[in-house]
Amino acid sequence: MTVVLGKLVGDGLLALLGVAGNAFILGSNAWHFSRVKRGGEKQGSHLAGEITITCIAVANLLLDLSGFLWFVTKVLHLDCLIGNAGYTCITYTLMVTGACSFWFTTCLCVFYLVKIISVPNAFFIRLKRNISVLTFTFLLISFIFSCVLSIPNILSIQFYQTNISEANGNLSQSACDMNISNNIPSGILIFSGVLLLYLPAVIMVYACVQIVGYLRHHIKRMEKKRASDIPLSSCSSSPALQAQIRISKMIACLVFIYLLCDTVLLLVLLSRFISNNALFQDFGAFAISVFSGGIASILIFGNSNLRRNLMSVCCPASKPLKYNSEQCFKVLIMK
């Protein structure tokens, strides 16, 4: 009982941290959207990027809550109590929110890829001009895609509840067995898992490599100009370099942590085929909470608005600079 209580308390604290981080992102962006609606500062493509971050926060928040509920169900053996419909609903929510989190993060990486990189191509220029429409379409398709492809994995789960009172004379006991049915071909399950878990990871890695490579080339070019004493504008000085480094680090960290989360979710899904899968369940539940809080932290410190709002909450007496490094970098890439 002590071990079970320790697991619940530990995962609950981690889930609480993830919920707090994602709730802060939602509250901060809600305040920002209300200011934009009243005629605020940012609109257009910048707003599309912040909406993408909001969608990631919503998906991670639901992922954290459903993951903790799934963990409580497994640890306390509540499978029979909630029944097949309840367990299916919890598991489906866990799969959909996890897949949406991956694909929404992919959308954010593609957004930065199109926004930052400059390519002398007519098609790429049209994408850059219509980045808002592209982002919103990507988000909608990703949500529908995740909901549809998660169905085969859910349909393969079946519960069989049997009363064992006749065996030991105790009328209050029952047994509940979970079985993986063969109604869905294994090829379809594997194909849907690859599309949900590893296709967005491939796109994220490609976008990350392209962005980091472009920024490194841009930084070297700016350093050569500085070495040759060519006068640079205020937005081409060290603050812009720091912003480029911070954005590239944020994207690299997002890709790295989601690759780890891909592996963890794959282990959790594979654990259904293992008779003694308690270790995978515990590790999966803890990892989901850690990753949700980690992603929230990366987004908060990688986004200028979220970081500024966090500093205003922690240090209300401090006054922000008129132009921070990321604002300077945004002016630079818009040229």
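Just so you know, glycine gets a Cβ as well, placed from its N, Cα and C.
Copied over from TrEMBL:
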type	residues	note
TRANSMEM	12-31	transmembrane segment
DOMAIN	21-311	domain 'G-protein coupled receptors family 1 profile'
TRANSMEM	51-72	transmembrane segment
TRANSMEM	133-155	transmembrane segment
TRANSMEM	188-215	transmembrane segment
TRANSMEM	251-271	transmembrane segment
TRANSMEM	283-302	transmembrane segment
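Sequence-distant contacts of the transmembrane segment (133-155), counting only residues of its own chain at least 6 positions beyond either end whose CB sits under 8 Å from a CB of the stretch, comprise 48-49, 51-52, 55, 88, 91-92, 95-96, 99-100, 103-104, 106-107, 110-111, 114, 127, 181, 183-184, 188-189, 192-193, 195-196, 269. Within the model, the domain 'G-protein coupled receptors family 1 profile' (21-311) carries an average pLDDT of 76.
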